[in-house]
Amino acid sequence: MGDYVPGFEQRESDNRSFGHSRLPTLGAIPIKNEKGQTVMQKVKVSRYVAGKAPEYARNYDSDSSESDRETDRDDDRRRRRRRESSDEEDRRRHRRHEDYGRRRQVEKPEVLGKVEDESSENEQESEEDEEKQEERRERARMRRLELHENNREKDEEQEDSAESDEEDFERRRQMLRDRAIKREEEIKREIKEELEEDDVEEEEEEESSEEEDSDEDDDPVPRLKPIFTRKKDRITLQEAEKEKEKEILKKIEDEKRAEERKRESAKLVEKVLQEEEAAEKRKTEDRVDLSSVLTDDETENMAYEAWKLREMKRLKRNRDEREEAAREKAELDKIHAMSEEERLKYLRLNPKVITNKQDKGKYKFLQKYFHRGAFFLDEEDEVLKRNFAEATNDDQFDKTILPKVMQVKNFGKASRTKYTHLTEEDTTDHQGVWASTNQLNSQFSTKRAGGSRPVFERPATKKRKN
């Protein structure tokens, strides 16, 4: 790629002699090819990728790259040692803090004598309070120091992570996040323990003051160190009585529930018995003759008799059909042998018998036609003898009195017809398009009509072709 840069993109910093040449910001630049022609060539934008050397840095000597790698390795080792030392310091500080938290000693029960001087006790209590306050201040100071060191370590680790690659950065960030979460949990736990200790100390002070009041008697009484009991573990006489009352009420409710279940079960048994008795009564009332039901246990004699009856009916039906066919054939032969006059006289004296014969009725004006049908008319049926020409629905009205426009079928509907009926239309009109003589009709008749096509062939040639 050439070093040509358009004039309107020229900058003072582009004329530098050090480093890689600045790439133009256009999508394509004009360059000269091998033939000397000026053509446009696309600019390949080189993007920065973490951990990958740029294009202009690949031509350097291998010695310098190896030395750079060694320095990078040394830097990584230093950072790793620094992190390990900081982690070890954190663990040591955490261990010291835990030991300090466990430093509170549990004293054994002791026999205390009678308090003689109240002023000495008050001074001792004030000294103990000051020691506790000093311990709290020391713990707070330690926490502040730890937070300050943690923040400083976070800053150092962030600087180190910015120099390393993305994987190390992610790993260190996760470690820092886990460490911060652990520290927050430890701080919360310490605060909670301190609050519990304060509560315990206050309760112990109250109990000790009560015991001191009770110990003002003449005879000294040995006293044990009071033990703190949680509120949920404390049981008083009132609570014990309430628990007994609850148990008694629960027993009474259980007894009532058991009695209700007994009554419900008795009602259910009674209902089932009644249903069984009703079913038995229905069986006795609706008892049928089981012999009328066909089963597979019939005897062979009964099956044979039934088959014999069916076979006799079939033979009789076939014989009647043969006799009827023979009679019709004989009658046809007789009619064919007669003369025309004899045939007319015979048909007049012996008319043909038509089953379900129906007289054709008269249809009204614009009445809808229904066809009776043509099948299964050889059997006598009252339905087939009805008058199918009888008007129904709208056909019962006289449509001759309607205006001429309304004398069409389905008037006012999408399926209405244009014409009233065929008898009112003139079908002999020769003025239509199909009857007029034009070029299209003449061409059609010339090509398709027989004998009208011009033929310019000699008969002799036609014979030779054949």
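From the backbone N, Cα and C atoms, a Cβ is placed for every residue, glycine too.
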Range annotated as region 'Disordered' - as stated in Swiss-Prot, picked from 251-270, 311-330: 251-270
Composition by DSSP (helix, strand, coil) of residues within the compositional bias 'Basic and acidic residues' (169-192): 24 helix, 0 strand, 0 coil
Cβ-Cβ under 8 Å with the compositional bias 'Basic and acidic residues' (133-155): same-chain residues at least 6 beyond its ends: 86, 93, 97, 100, 176, 179-180, 183, 187, 190, 194
Counts by DSSP class (helix H/G/I, strand E/B, coil) across the region 'Disordered' (251-270): 20 helix, 0 strand, 0 coil
The compositional bias 'Basic and acidic residues' (133-155), counted residue by residue under DSSP: helix, strand, coil: 23 helix, 0 strand, 0 coil
The compositional bias 'Basic and acidic residues' (234-245), counted residue by residue under DSSP: helix, strand, coil: 9 helix, 0 strand, 3 coil
